[in-house]
Amino acid sequence: MVSYIVFLLVVAGIYALLAQSLCLAWGVTGLVNLGLAGFFAIGAYASATLTKWGGAPVPVGLLAAMLAGAVAGFVVCVSTLRLRDDYLAIVTLGFAEAVRVVASNEIWLTGGTDGISGIPAGLPRDWGQGFHLAALGIVTAILGLVWLALRRLVASPWGRALRAVREDQIVAAVAGKRVTRLKAEAFAIAAAIAALAGALYGHYTSYIAPEIFQPLITIYVFLAVTAGGNGRPTGAAIGAYLLIAFLEATRFAAEVLPGVSAVQAAALREASVGVALILLLRLRPRGLFPELSQKAPA
Amino acid sequence: MIITTRRTALFAGASLLAAPGLVRAQGAPIRLGTLTPLTGAGGPYGPVMANCVKSVVSDVNAAGGVLGRQVAVVSEDDQTNPEAGVRAARKLIDVDRVAAIMGTWASAVTTAVAPLCWESKTFLATVSGADSITALPHSGWLIRTQPNTTLQGRKFGEYAVELGAKKVFFMAPQTPFTQSQLANMKPPIDRAGGSIELLIYDATKPSLRTEVDQVLRARPDLIVLGGYTPDTTVLLRDIFRAGFRGKLLAYAYSVNQQMLSSLPNDVTEGIYTLAPSPAEGSGGFDRVKRIVGNDNPDPYTCQIYDQINLILMAMAVGNDATGQGIRDNIRKVSQGGGDRVDNAVDGLRAIAAGKKVDYDGASGPCDFTDAGDITDCKFRYEQVRAGRQTLIRIA
Amino acid sequence: MIEALLQALINGVIAGTILAVPALGFTAIFAVLNYPNFAIGALATVGAYAGWVGNTALGLPMVAALALAFAATAVAGLVVQWAAVKPLESAGALMMAIASLAAGLVLENALRFGFGNDLRGYDLPLLRDWRFGEFRVGPQQVQNFALALAAMGLLWAFLRYSRTGRAMRAVADNRDLALLRGVDPARVAAVTVAVGAGLAGMGGMLVGLDTSVDPLVGTRLVLSIFAAAVLGGLGSIPGAVAGAIAIGVAEEVAVLAFNPAYRLVVGFVVILAVLTLRPAGLFGARAS
């Protein structure tokens, strides 16, 4: 039971990093990233290939993953920044699918659908529970750093400018904000955070494959961020822990449902994610930890 | 925890009610897990696999359980996704404390889950086909009932030659075994002076006309279909419409009962299929037919039937209901001679009587190498005739 | 080689015409209600199942089954709209889009709950293609093509001649002006959602006729639908048709030109290229 909880806390920490990414892009800047799974994948592959096949140490892999994520984020968002924000949503959705197809078919680069197993963790795996506890410490510490950095960024003049862009691009532009540049910066940084999460996932579990990076992961993170409060890094992080608790709780709930077949229980579990998201958007759209009401300067 | 206990109590209670007068099993139930895809791309296969395990276990429980204990099955969904699969496996291992996990289907899920299993001394039985799986450093904690592609590919190649094919085309989506399947089909075809080419298609595409045109332009006399049921359905329609008159050869898990009942008969007429099989006359296959209620049980269902039976008997013969017990004893019931049995109820009775058993299942003789691969198996050569699989031979 | 290209063109035009039906539904909802409805894939799946039930359980002929698919999906679309999307109208297009994404997940799993994951096939004989020299066309394809054209024709007539249809176009063109002229926005929104979702359902059934029906049948189309709508200019009705045909052709020709496994990437690259070079799409989006 303890090892189950430790494992879930590591996974939730990784989801919390994804939630930090979405918080910056969507909550603060108003850019919907439906391709979160794609950036997650890019980070995972960048770090896994460098450390496993390139022999690089894990920290170098993590930095490379963030760089790769930022570059990909920039390329993906740059064509849509002058358009309405829904275009970005469509582009990013397509991006995540494209990443998965490339990862499946470019076997020389990614190992194809076999995936990459035996990714080094930078820690000895034969520590047993100690390995998981150490991983928990590292992931939580990295999450803490990202969270602190994001909080400072959000409170900085740059963060205020991002919120101004979110509230009204035209007003922000009139007020002298470089809207396109601000959006590109925020999106690229957010993509880098998602990529970092992917790299950590690969190192922790030792295995990545294209099938991990499915659109459902993105929906999960939207649920997490909506639950916690999309404009506040603290809320987004707590939302991710709540998400994992919720996903796992539905497992136990499904077991006690009478007269439901296994596939029906599985369908109910997936549907409950959608229902929870709809209800939260409707009943508590600002989340459990709403954005502190800072007046965005116009 | 409380929830799980109550559920198993209910389970045990129900089976006692169902079989009044039988020896009441003592002690806490033995827990086993299934981890099959119930949603996602593997969704067509996983549900019936989970049901098959439950059915075998309820028979065993009705006959008194294993080692005097009832058996409880916990079914989780891997969502055909390694991330979800790992979370589900952790729950099975750490919370339910299952002795074994059965039925992982997607190779990526199996590869992701396997380290968890060997680290926690949980036995893993899989149906995944990628060759890399049994090469993992699992030290005996893993067996696979699916023939690896070295064996399967060779059989496909040899059968293509036997069917008189000179120009073979292999159409498949990108899977972990596509490349090695091709590599193993090639030598027998080359030796017979034929040739084989590969086209990898996108399994989510609603029409594969242009792909089929592309293949037919090479004028193949036999096409090997390497996909799963949903995409093979699309492919078969387009092959039919293109007026292809050559032969078709497919995995029995893709041209299965579901597909045969969703396509008109003239589309599937004449398709040859191969599936791993026990020797002729083994009763396991017929038992799975009865469990699933149709004449063409899926090869994956046959395999998970074998996995659960072997695991139950391994626990009994080693007098040890843990993962370690299964790992150390499974080969004592799967191979090495003794009374031939095809189900755990008979096997457990024989073991209780002090006899050595050698299981012959629904998917094959189930003899395993040290790496966890099956040593050999027969194949069911079947052909679809009027919407039904018709057995040509078992060899 | 030239024959191969022409054949791929024929295949692409036909595939694109079928794709145009759900793409029209997606773009119509975008035009009038101003948000991208990400439930469009799941709605297509609803239509595929509704048509299948009509065809196999109720024994309906194809056109009646198609009407049933339209009606059932229209209802599903309205439920999604009222239960999930409408309460977020004031929160903006993005929130509505996310709510629709969540609603799509619920719909997909509701179908899985009811029908399981098993493949379902329509009760329909499959015919061999007609051959014209080097080329071939399937009777089923032609029928689907005709049905898709008929659906588009009906939509066009509805938008052109009916009061409600004209009101829809008025709202799409200029919401404020339309309101001033006394158009009832709630009614127009409801009709648009019903028609848009209904078209998605018809599209799903047309694809289901050609493939088979399972809980993911519509989801597999989503990216192509988006690519078609963006290429034609989000919110442009003729654009969606042209975009869908272009995407259909691009996906088929790509089979000859590159690795066929890269179909999904084709859609993505088209979206990216269009938005970079000509963001308003072929026909000019109204909302940029």
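Placement of Cβ uses the backbone N, Cα and C atoms for every residue, glycine included.
TrEMBL annotations:
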- C:12-32: transmembrane segment (TRANSMEM)
- C:38-58: transmembrane segment (TRANSMEM)
- C:65-85: transmembrane segment (TRANSMEM)
- C:91-111: transmembrane segment (TRANSMEM)
- C:142-159: transmembrane segment (TRANSMEM)
- C:188-209: transmembrane segment (TRANSMEM)
- C:221-249: transmembrane segment (TRANSMEM)
- C:261-285: transmembrane segment (TRANSMEM)
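The stretches the transmembrane segment (C:12-32) and the transmembrane segment (C:65-85) are not in mutual contact, being linked by fewer than three Cβ pairs under 8 Å (pairs 6 or more apart in sequence).
Contact between the transmembrane segment (C:188-209) and the transmembrane segment (C:38-58) is present: at least three CB pairs lie under 8 Å, with pairs separated by 6 or more positions in sequence.
For the transmembrane segment (C:91-111), the list of distant contacts is 33-43, 45-46, 49, 76, 80, 83-85, 215-216, 219: same-chain residues at least six beyond its ends, Cβ to Cβ under 8 Å. Taking pairs at least six residues apart, the transmembrane segment (C:38-58) and the transmembrane segment (C:221-249) share three or more Cβ pairs below 8 Å and count as touching.
Same-chain residues lying 6 or more positions outside the transmembrane segment (C:65-85) and placing a CB less than 8 Å from one of its CB atoms are 33, 35, 37, 39, 43-44, 46-48, 50-55, 58, 96, 99-100, 102-104, 107, 147, 151, 189-190, 193-202, 204-206.
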